[in-house]
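Sharing a structure with you now.
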Amino acid sequence: MEKQPLPADDDKTEATEVDGLTGESSPQETSEPDARAGWNSKIEYFLAQVGFSVGLGNVWRFPYLCHQNGGGAFLLLYILLMLLVGIPLFFLELAAGQAIRQGSIGVWKYISPRLSGIGYSSCVVCFFVALYYNVILAWSLFYLGNSFQHPLPWEKCPEEGNVTVKECSESSPTSYFWYRKALDITDSIDETGSFNTYIVCCLLAAWTVVCLGMFKGIKTSVKVMYFSSIFPYVVLFCFLIRGLLLDGAFQGIGFMFYPKLEIWADVQVWRQAATQVFFALGLGFGSIIAYSSYNPRNNNCHRDAFTVSFINFLTSVLATLVVFAVLGFRAKNKAMECLVPNNVMPLFNYSDPKSVALEDYRVWVKQYGSMVPGNLTDCDLEKEMQKGVEGTGLAFIAFTEAMTLLPGSPFWSALFFLMLLNLGLSTMFGTMEGILAPLSDRFKCLARNKTKLTIASCIIGFLLGLLFTQRCGNYFVMMFDDYSATLPLIIVVVFETFSVSWLYGADRFLNDIEGMLGWRPSVVYKYLWKYICLLAMLGLLGATTIRMFLSRPTYMSWNQEKASEENLEYPDWALAVLALLIIFATLPVPVGFIHAFLQKRNTQTSRDAENDTVSLLLSLGVTSHVQNAKHIYIMPAVKLGLCEGDELH
């Protein structure tokens, strides 16, 4: 039987559900509410998509990957993967949501009922991410609150009885404040500890802000996004201008862009670049689909895919410039502190160590350092640049330390953490929409009580999020960040790509897009979806899985006695939790397949039973007539529970 196209705008009461595996179609009542919300303007939609896709990863993950993996060479690799994989998949999700006008559950159930579990998996992953992502917002709130004092509390080590605290003196003031004052962290994940009262209060505040922003759906969240999506760019440009005026800024930027083309031969670099493209655009979460479902059908989603992706990339580059300008300044100060004036160095001005050229000092140490009594340090700027430049280490240790060196440090600190808060808030709105929109579209009882659903979701999120406010909570944040989303989302996108390009049909999907936009996208997308994107995602899935099994998962802990970080293996119980997170997130896919298979078999059995009943009635002479040799109508069949004129197939 010929497959039906995607629904048109006037398909309000009934939609044709297509079985992508058999090619059969069956009518099914749509779960979409009759009056679906929409964006008031294109700028609202644009701010929502950009706000969701541009998040904390652009600021603290991309710069680290760029620096560690070849600088300019990594940028070229990232652009290549963005064009071949990222943008086509982003366009696919935008088009699917806009055409079917439902959340992720309804979209994938419509395209292929046997893969309806894809949408539920997206919701589960969104929920996992929302749990720990809001904890990061709570940390940002805590630091923001502590920024309104001079000097900043992480600027100097505290003293106990006129003696500097050992843990601080052996590490640094910023490390001490982060691990001891903010987190009060335990030495390992096995030691749970009590709840951190300050972080619990900040988490409650973070969930309250999210709840108020999502209270009336996109109508209220978009009002917040006018500020939360634009303000980070203002801050980044302010930091860029200030950073470029700092000593060491251009050395830092030079380290970032220095190309190391040999890294293209490293498979792990390709894996990291592909993963960053994947998460930077927010593929698989269902939030892209949810936001695009509020668009009119004639919206140019093809142009949107390129525009949002381009802005996302430019934001990553802008953030990288800012990070390495400031970290270059920090590294230069660290390196200059290690200069050791000595009588045997007559060419240097000891009264002003900053007048000494760092390169000249390093050359002198290599040539004559062994002749000087005592230990001289080789002040390597590159080594200083590599210290603490990823994730929370960048935001809450390295960057905070750099800001203490700036005049007016409280102002810059407040500005920075307010920027992190807004970046995270826009992403949280999109993540929550990836949960609420599909559930509301799928279940009408929830659609009628969406405000209650929003409040209930935030309350549950806060209560479960208390896990991360324990003294060992940071270790659970790392666990969720590394494992609860990565593998499940890759699996989700693999099935998304397969269901559209092979089950539903890439040509057919392009026909539907042509019906929406009035013009047909290039046939190149057909081959990208069917081969390049699918193979790339399968390769990423394989590389990620193999990496997990080749070595036991580890996490970075803080040892209070040593006052330093150390890499520890997850204990067995933590590995069990890790495995359950992945299983729970991916389980809806096979469950949905089995449910659809059993439902189809039951339907077939019911039809066979009806045919047997018809044959029996025909043999008994109870039936009346056959019309058009296609449908049999049972007239005196009230005893069988049928009404006059009921149709048996």
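Even glycines carry a Cβ here, placed using N, Cα and C.
Copying in the features that TrEMBL gives for the protein in this structure:
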BINDING   Gly51, Val54, Asn58, Asn312, Leu423  Na(+) binding site
COMPBIAS  1-15  compositional bias 'Basic and acidic residues'
REGION    1-35  region 'Disordered'
TRANSMEM  45-63  transmembrane segment
TRANSMEM  75-96  transmembrane segment
TRANSMEM  117-144  transmembrane segment
TRANSMEM  197-218  transmembrane segment
TRANSMEM  230-253  transmembrane segment
TRANSMEM  273-294  transmembrane segment
TRANSMEM  306-327  transmembrane segment
TRANSMEM  411-432  transmembrane segment
TRANSMEM  453-471  transmembrane segment
TRANSMEM  483-506  transmembrane segment
TRANSMEM  527-550  transmembrane segment
TRANSMEM  573-598  transmembrane segment
Would the transmembrane segment (453-471) and the transmembrane segment (306-327) count as touching if the test is at least 3 Cβ pairs under 8 Å, pairs 6 or more apart?
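By the criterion, they do not touch.
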Can you name the far-off residues of the same chain, 6+ from the ends of the transmembrane segment (527-550), with a Cβ under 8 Å from a Cβ of it?
81, 84-85, 88-89, 92, 267-268, 270-271, 274-275, 278, 483, 486-487, 490-491, 493-494, 497-498, 500-502, 506, 509
What other residues of this chain sit with their CB within 8 A of the center of the CB atoms of Gly51, Val54, Asn58, Asn312, Leu423, the recorded Na(+) site?
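Once Gly51, Val54, Asn58, Asn312, Leu423 are set aside, the remaining close residues are Val50, Phe52, Ser53, Gly55, Ser229, Pro232, Thr315, Ser426, Thr427.
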Inside 10 Å of the Cβ of Gly51 (Na(+) binding site), count up the other Cβ atoms and send me the figure.
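For Gly51 (Na(+) binding site), the count of other Cβ atoms within 10 Å is 27.
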Honestly, do the transmembrane segment (306-327) and the transmembrane segment (483-506) touch, with at least three Cβ pairs under 8 Å and pairs 6 or more apart in sequence?
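Counting Cβ pairs under 8 Å (6 or more apart in sequence), the transmembrane segment (306-327) does not reach the transmembrane segment (483-506), since there are fewer than 3.
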Check for me, if you would, whether the transmembrane segment (573-598) reaches the transmembrane segment (117-144) - at least 3 Cβ pairs under 8 Å, residues 6 or more apart in sequence.
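These two segments touch.
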Rank the binding-site residues Asn58, Asn312 by the number of other Cβ atoms within 10 Å of each Cβ and report the first-ranked residue.
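That would be Asn58, with the highest Cβ count within 10 Å.
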So which residues does the transmembrane segment (483-506) touch in its own chain, when a touch means Cβ under 8 Å and the partner is 6 or more beyond its ends?
3, 18, 20-21, 89, 92-93, 96, 108, 111-112, 115, 118, 121-122, 124-125, 128-129, 132, 275, 278-279, 283-285, 525-526, 529-530, 533-534, 537-538, 540-541, 544-545, 548, 553, 578, 581-582, 585-586, 589
Name the range, of those listed as 230-253, 273-294, 411-432, that has the largest tally of Cβ pairs under 8 Å with the transmembrane segment (117-144).
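Answer is 411-432, with the largest number of Cβ pairs below 8 Å.
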May I ask which of the stretches 230-253, 273-294, 411-432 has the most CB pairs under 8 A with the transmembrane segment (197-218)?
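Result: 411-432.
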